[in-house]
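K.L.:
Okay, handing you the structure first.
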Amino acid sequence: MNTLSKYITKYFHSMYYVAISVLTVVVVVESIGRGFPVNVVVAVLTASVLDVAIKRLWLKSAPAIPLSAIISGLIVGMVSVNAPVLGTLIATVLAILSKFIIRWKGSHIFNPAVFGVVITQVLNPAAHGAAVHGSSQIMEGFGPGGLAVSMWLVPLLLFASFRARKQWVSIPFLITSALLFYFTGLANLTSLNSQGIFKFLEVLPYYFAFIIVSEPKTSPWVKKEQIIFGIGVATVSVLPLLLFGFYSHVIALVALLLGNLIYATYRLKNRD
């Protein structure tokens, strides 16, 4: 019992194990009725093998479980669950390579999974087909909130965000997104009864808020900075729609990469 207690304590003290567990549950639940998640498996295996190979052969590091690579693979696989396998493979390779190549004074700059997906989408849109989840048209592919998941999974996603101490990125992002979705018409609140409210809440970007935007190494740690980061990314996501009436499903992901770059510049400037 003492050993079990130590194991459980170690588990809950590791944001990596918590994130992997939560993301695995999301994959299983979201795959029900949709078939075996081939792309998720391909992404996780590719990310893990490539990460270990680079660390072992290039960095000469001791072998270790590639926890962060597994998380990146789970995310890439989920947001490209209906894409061609080749597109998922390319996105995963780019995601892992970006962790080691695109760095500034030893620090990560971009969210690896998002970087891989965006570059693949921009270079070859056909290689990264849309993944349709949820009842709202805006949630096809990478809508302004990214992948839509069942509301019943929100407590798990929230737990992962709290465990990573990134709730002050996630919650302001989610609230700002909800307001912008409503006022721009990206999501409709047709009535104030329970059914209308639930339908509106159902399409909010929970997965994007609690898992993707709040990626630990490329988002702020200070509470005030987290709030600004979350609100900023949510706003930039729909800015082209507000200014030009134009929206692309890639914009939310690009907005996050822009936020990553601005934060990395700010962080390194303050460090110097």
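Placement of Cβ uses the backbone N, Cα and C atoms for every residue, glycine included.
According to TrEMBL, the transmembrane segment annotation covers 12-29, 61-79, 85-102, 109-130, 142-162, 169-190, 250-266.
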K.L.:
Apart from its near flanks, which chain residues at least 6 from the ends of the transmembrane segment (85-102) lie with a Cβ under 8 angstroms of it?
P.N.:
38-39, 42-43, 46-47, 50-51, 54, 58-59, 68-69, 72-73, 76-77, 108-110, 112-113, 115-117, 119-120, 124, 126-129
K.L.:
Could you tell me what the rest of the chain brings near the transmembrane segment (169-190), counting residues at least six beyond its ends with Cβ under 8 Å?
P.N.:
136, 138, 143-145, 158, 161, 196-197, 199-200, 203-206, 208-210, 213-214, 219-220, 226-227, 229-231, 233-235, 237-238, 241-242, 247
